[in-house]
Amino acid sequence: MASSADVYVFGDQSTPVLDKLQALVRVKDNALLTSFLGEAFLAVRREIVSLSSLERKSIPEAESLSLLLEGVRRSEPHAALDSAFVCIYEIGYYIDYLARSDKQHPPAAPSLLLGICTGSIAAAAVSCAKDVFEISRLGVEAATVAFRLGMHVRRRAENLGYSTPSSWSMILSSNQEELVSEALKEFSKEKNLTYSSRPYISATGPGFTTISGPPSILESVKSCDTFSGKRLYPAPIYGPYHNSSSYSESSLEHGLASILEDVGFLENEMLIPIISCASGSRLDQLSFGNLLKNVLSSALSQQIRMDLVTDALVETVSGTEATLIPVNAQTTVCSLADWLAKRGATTRIGPTLESLTKDRAEPNLAPGDENKIAIIGFSGRFPEADNLDEFWDLLIRGLDVHKPVPEERFARDHYDPTGQRKNTSQVQYGCWLKSAGYFDTQFFHMSPKEAMQTDPAQRLALLTAYEALEMAGVVPDRTPSTQRNRVGVYYGTTSNDWGEVNSSQDVDTYYIPGANRAFIPGRVNYFFKFTGPSIAVDTACSSSLAAINLAITSLKNRDCDTAIAGGTNVMTNPDNFAGLDRGHFLSRTGNCKAFDDGADGYCRADGIGTLILKRLPDAIADSDPIFGVILGAHTNHSAESVSITRPLADAQEYLFKKLLNETGIHPHDVSYVEMHGTGTQAGDAVEMRSVLNSFAFDHSRPRDKSLYLGSVKANVGHAESASGVLAIIKVLLMMQKNTIPPHCGIKTKINQGFPKDLDHRGVRIALKDSVDWSRPEGGKRRVLVNNFSAAGGNTSLLLEDGPAVHPARQHQDGDARTEHVVAVSARSTKALEENLKALEAYIANSWAPEGELLSQLSYTTTARRVHHSRRVAFVTNGLDDLRKSLLKAATDAGQVKGIPAVSPKVGFLFTGQGAQETAMAIGYYKSFSSFRSDIHQLDSIATLQGLPSVLPLIHGTTPVEDLSAVVVQLGTCIIQISLARFWISLGITPQYVIGHSLGEYAALQIAGVLSVNDAIFLCGHRAALLDKKCTAYTHGMVAVKAAADDLRQHISSDLKVEIACVNGAEDTVLSGPNADIESLCGKLTQAGYKLHKLEIPFAFHSSQVDPILDDLEELASQVGFHEPKLPIVSPLLRTLLTGDTLGPQYIRRHCRETVDFLGAIKMAESQGIMDRSGMCIEIGAHPILTRMVKSIIGQDFRCLASLRRKEDHFKTLADSLCALHLAGFSVNWDEYHRDFASSRNVLQLPKYSWQLANYWMQYKYSWCLTKGDAPVENGPVGAVVQARALRLSDSVHNVIEQVHGDKRSSITVESDMHDPSLLAIAQNHRVNGLTMAPSTLFADIAFTLAKHLIQNHGLDTHTNLPSINNMAVEKALIVGETGPQLFRASLDMDWTTMRGSVRIFSVGANGKQTTLHAVCDVAVENPSSHRESWQSNAYLIQRGIKQLVQGASDGSAHMMRRGLLYKIFSNSVQYGSAFQGIEQVWFDSEGLEGTGKVFMPSGKDTFALNPYCCDSLGHITGFIMNCSDSLDLDDHVYINHGWRTLRLVEPYQCDVQYQTYVKMQAVGSDDSTYSGDVHVLRDGKIIGICGGVTFKKVARKVLEMLLPKPSGAKAKHGVVKHVAPEPVKHVVLTPPSTTSHSVGTTSPPEPTESPVGSASGLIQKALEIIADEIGVDISQLTDTTLLADLGVDSLMSLTILGNFREELDLDIPAAQFYEFSTVQDLKSFLGANDQDFSSSNSEAESSASSAASTSPSDHGDDVVEEVKPVVAEIPRSTSTILQGTKHCSQTLFLFPDGAGSATSYVTLPSISSDMRVIGLNSPYLTKPHEFNCALQDITGSYLNEVRRRQPQGPYHLAGWSAGGVSAFDAARQLVSEGEVVESLILIDSPNPVGLGKLPKRMYDFLEKSGIFGAFEMGEEAQAPPDWLFQHFCVFIEALDRYVPEPFEHGMAPKTTIIWAADGVCKNPDDPRPEAQPDDPRGMNWLLNNREDFGPNGWDEFIGAGNISTMAIENANHFTMMREPIASALCAKIRETMGVN
């Protein structure tokens, strides 16, 4: 029997593989295949990312091979992807073929491989693979090579001018090679084709010939006589393959070298011979590298000769039975079999993969690096440690940081040592974060209001995630593994403390997203825009390690490429302490006593930890820092335990051994175990047993391989859901520090239940001192981290050291760059300053070599940092210089402005002649591989055209003056094209180009007009024509500093001198014969002109070039001119070039005519292409054009250089990149650093300098202790529950809250201005007709609060008396006509300083501040010290009083009595009799000095500091200032602005005679401000001083504007009904903690209001609205503040705009508001519109205007509802004014669609200037989880809000989508109640009957299509909050249940239905979800084009006669709501409502 041989035939890209490769991807039972396909995709993706940004645009983005295949299917063919897909498919096919057949690899029987074209690459990988596993590894390398080959061919096609993919080959079904060859030669000659355009024969064989060439040429070939009538089939080959004329030997060698660069396994030897498809020869005994060179050379430059292949196979298989096995080559194999059979060979065709039916055998993959996970960054917050350094410090010092529960968490009354009281615990200790509430709201774009409601765990997860990413140097989208859609977030979290006890006390908008645990990872995803998995894990104590385990699994399964993983635990809920204590988990004596014999439970702890994880190969490829490597992680459960909470040794032991076995690690190679170690008797014993059984089961462990045990819980407690990640971070720090810290858990003696032979087993515990733990030489340390859960779960993780030397830097040279860019950025000025100082300090403390440190600093701060809006950057060559620059920049940080929202325009300027030099661009050539590759590629094109190589110009081997014009000019062009490409590769893409003279060739190429091939052809052959037809140096050019018009007057007719270039207003170049030039130069010199002769051989743009023009035009006719891809500014035509103006004639004129650079730049400036804010980069040897451009546009126009003479190119490049970065461009820093491997080390620089403030919502009143108690006995349901109030005085009516501690105390009180005692004060004090509280009332309140706290603190009130200092009245407290009118006061007292601060403010119905009235300070002082010092000066005061009294007698002073005095006073202040305490006054009008007698009769009041008396004692100052004839008082008054100090040695009393004295003195040089000290005397002794009483001059008109008219007083406050006083809670604080109540420290006082009728008043009001809405002090709204940084998102913007319309009558379109990026932008707009505002606000606005976005408390409704029994009430709907103001004549109400928010309508343009448009919000908008009622049930809530806005009809209602159904139901209810609905508008609202619920696949489709779920905000689409989508889902549920009721006959309103004409999938080829049988009607209605524009079922409910319909063309359901179609919609609405 004849022997057999297998011939595997690998096909080329002519056979489609997309579907077949997709089928392979779906194979799930071949692990090796799956692994190969995944790795091959990653390899291809790395190649894609390495391309320039321009090249990447042609490749669809995808996160998997499957998605990439789908993307390619919908896009144009791509040669690189085609080539790679063929290779991947064929290798995958071969792998799967082996698994499904009986074949082996290497094959047992004789075998051959045959690869056709690109199929040879796959064949090469198979040939050189030693086993099936190596096929996968070599296959990945082959895929890389195939992609590069295809990219090489694509670039050649583009260089030839063919960028649009079309077929480059067609097959003639006959073998007539000679005939075809002759025909093609004749064709090329006839068409005058250049070599690169000529068609050629690329393949021949029995029965076929393949003709290849440019697509447009092939089309012409078809019409040749030779091929007329013959069948030519196009082949899917998209580039010039198999073309020998395209390559010289050197260019081919260079091309192969670039393709094979860094390819692995090149030394592998062939195991299976290959038949060459080019020669038919047998290839064997070659290395993989040489084999690839052979097959690549064949694919690029050699014909396919299937005739020779057939000959070779006949010879090879002779005498054997050959089996031809097709691998993507079924057609080829059939043809081969036929050809062989005709030659007598015996062959058969083997089975295909599809025909095999054997079961698949799944190979086991050997463990390797691809299964390892690198930890590349980590961060955390730890008990008593805010950063990693502090954490390590407490570890190494062996500290135990447990402490009592801080007061800010919960009160001490939750502790009960007896354990008898309900809900208490006997535990009083924990381990606590120092700064749990601190957060940087501006950085994370979160408003303080939202931050306050957001769980600190969420906020700290954000902070630590950013820090860990920064540590890792992760820049999103930098590499394939950091694409945003490939980053997953996994956090373990088990408690919900914040939502349970803190934010639940005041449930508001952000309660759900702020408190729900799922938002912890979700918040990280959302902020960073990571769209990978977002998963919260709860496995109790092991949550964080379980989350990390899940992240590792996701990485291995390629669900993501980068994982952010960790855990959080912030304890605020006392119930958890109580529950764990009563469950016997917790220690009552302190911290976790791990390994101690007296272990009695665990100590609870806070903790946050975050890790950044990647697959190890990805981390190495990305040059990431690697701090540790995870070998494996697993989780199981102790299900067999006796109790669910009791750990099981067997389960843990199984887990440990499973890890060791799977990772191949010997137990003795593990040197440290980080134990769970909670310090419980059961847990410690079980864990020790399982660890010893696994790692030290006997005494065989070598002495030099000790096993150390430890537990971080002994230091920082048990952080529960964060405990695992904290343990890992401890281990990572140990690896960094090479030290095992001491274990502090053993307080008495080691657990006696542990085995006694630990020492013999080699087990150690570092007890007192730290232990050296250095990495073994050439080895790795390995660690087990163990974590188990109270719920029975066990998770363990095995990790080891990372690579000792990063593989990317193993074979590195030093960084050759002499100058480096170092960048620093921040999001705020203060952060920028601190970042700069921190970096300087880091450098100062570094010991690294200067060159290495500088290089790596540059890499880290540019390529590995996210760059923020405030930027500074430096170009430096030394550390000293850099440190000085950093400190200088820190000082000047306040001057740094944010980068513009849109980067400025940038253009490329291409220099002309005259700048060339020897060794031009040599620095770039040597330093940057991409530039060097482009030079070689372009040079090879030139040499193939018969032109000389330009490399001598670059290498500098020949001086430039000795080089030919061809080399110089062509070299300039090639260098410029390469430089431009280099800039583009750095991320700088030009928006326009300008070429000066010679430079225009490169400009035309970069703009896409000329292919690279044609640009080289024209430029090179033009220069050759010059050499041939012109004589060098017979003509010259001279630059003259003069205007062209002036020079024309000097050029006589006998001189053949012409103007060659007009470079500027006084910058002109002349050209002509040398003699004429010399003659003219003499004249010009005599005339005083400055000139400079240019050293060039030829004078372009002169008569010298006339001989070449015809030939040049003929050459130009041979090339193709394409439409420009970007604007080209033409100096020839002084206009923008278009396809019509470009052609051979243009090239001719360009050579000969004048270069009007001046005219071109002016034109570009006039058309907005160039402007002063823009930038340009000069592409040339020296920035010659820069000077010209600046002289035309202005010196501030920024021009950057690529090269400068006599300047290191590194400095030039660095300077330019630095400038671009600072201008806001996203520089591709990775590309900049790519060629400098030694720099690619991520330094561990100081972390970002957060600007933190404390956002803490205090848990109050210990209400957890009373949960479940019977309610306090109430009266009838709904009655007010009157709790006993604590009234301190007649000014302090009710104590709301007081907290007393050793170091701090605080109190908050509430009073009613309509209480008789306070109302009397205000009614006796009227200013400008307004009833107003005096400032002395505020002083009394402050005095009262201070005395109360002094008494409660146990101090003697006789020796500790408060002084009231720095009183500042911010806004008058005006009393309304009706009450109650509540205001509050708070005092925070610091007993360490005996100082406190007071705030007095009005409150709304919800108890929240509405207006701040006054602030002051309190100081507790001993009055005796004042009495002594005052008495020493009393004689001076008494002498002054005496002189004034005597002066009244001698005429030098005046005396006045009470009646006249207060009558004069009444001009400004009307005092009632109760305030008229002055009996007599003596005063010196000119000296502003006075004294008075004051007597106040006694009353029944209980004031601490009687305001009547206090005010009267101060009247002397007001009288002196406003009754003086020495001051200008005709048009001005002097207003009291507070005082500096008010000190008493005894309280004021009634029925006592006082004497007052004051002398007022000017402050400053003018009369605007006066100040004085009021002395109060009793019986001649000073008993009080009011110091620094200040009056300021105010115009009477301004005063009238500042103070509202009395008629408006009615609206000055909200009417608040009485509520039950809250019980007073006394909280005892344990030192040294303090109580934190609010944001940061005391808020600064609010600024005084500006007049509202002015621009500044408008701005002030607007800023107050914004500040109030986002919850910040108005002082934070600085001009440079970014609104987005404050959390002003789309939803908040809607509310703010509504408030503007309601309170300010200011209508700003939403789209315009979104354009305001900073506060200054808004202020500029408001300043420009102040006139409109002023005219519409003639009356002063109320200080308590109702908010535009309303809530229940805004309505003044009785808040007693809070104590009603809980019933299923519908929450109130809210609304926002979207358009118009209250003055509009009509109002249109828009009902929300399914999302529930009015934001759906914000994109509508103005409907009418006379229409107010109000958008309603769903009552369940932010709490969709509560939406469980019917749709018609919420209609009443909507109507309540409609009636609040418009109490009576007629009404106009409308709604889009599902909102139309709500509008219909509302209209029906209104009509049934007798109201008039004038119009109902249904905007593309389907009839709800039978609509059906949309399936999730529909949502996914809409979201993926970018249709659903994005809200346009400015130019950026922002995703809405998660609850918006949740609301949509629950609303659709309600809509599905809704059964509409028809209107009663004759009652339906006029109804208009406006339909969109199109479906979402308008065109047949539009993507659409796959149809399913259960697709609901609503789904088809959305997707398909509409055909019926009638009522569509609505007539059943409204009546056909009441309905009119309209349709909007070219609009679908979604696009109709956005511009430009929204304008058409608004026009339809106007038409319907009959408005203009």
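Keep in mind that glycine also has a Cβ here, set from the backbone N, Cα and C atoms.
So that you can see what the record holds, here are the features copied from Swiss-Prot:
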- 8-242: region 'N-terminal acylcarrier protein transacylase domain (SAT)' (REGION)
- 370-801: domain 'Ketosynthase family 3 (KS3)' (DOMAIN)
- 908-1209: region 'Acyl/malonyl transferases' (REGION)
- S997: active site, for acyl/malonyl transferase activity (ACT_SITE)
- 1293-1425: region 'N-terminal hotdog fold' (REGION)
- 1293-1600: domain 'PKS/mFAS DH' (DOMAIN)
- 1295-1599: region 'Product template (PT) domain' (REGION)
- H1325: active site, proton acceptor (ACT_SITE)
- 1452-1600: region 'C-terminal hotdog fold' (REGION)
- D1511: active site, proton donor (ACT_SITE)
- 1628-1654: region 'Disordered' (REGION)
- 1653-1730: domain 'Carrier' (DOMAIN)
- S1690: O-(pantetheine 4'-phosphoryl)serine (MOD_RES)
- 1733-1758: region 'Disordered' (REGION)
- S1857: active site, for thioesterase activity (ACT_SITE)
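Where Swiss-Prot records a feature, it is marked here on the structure.
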residue	record	Cβ contacts under 8 Å, 6 or more apart
S997	active site, for acyl/malonyl transferase activity	G912, Q913, C1061, F1100, H1101, P1131, V1155
H1325	active site, proton acceptor	T1331, M1332, A1333, P1334, V1469, Q1470, Y1471, G1472, F1475, D1511
S1857	active site, for thioesterase activity	D1793, G1794, S1800, I1883, D1884, S1885, H2013
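Across all of the region 'Product template (PT) domain' (1295-1599), the predicted model scores a mean pLDDT of 86. According to DSSP, S1857 (active site, for thioesterase activity) is assigned to coil rather than to any helix or strand. In the three-state DSSP assignment, the secondary structure recorded for D1511 (active site, proton donor) is helix. When Cβ atoms from all protein chains are considered, those within 10 Å of the residue listed as 'active site, proton donor' total 24, not counting its own. DSSP places the residues of the region 'N-terminal hotdog fold' (1293-1425) in helix, strand and coil in these numbers: 29 helix, 63 strand, 41 coil.
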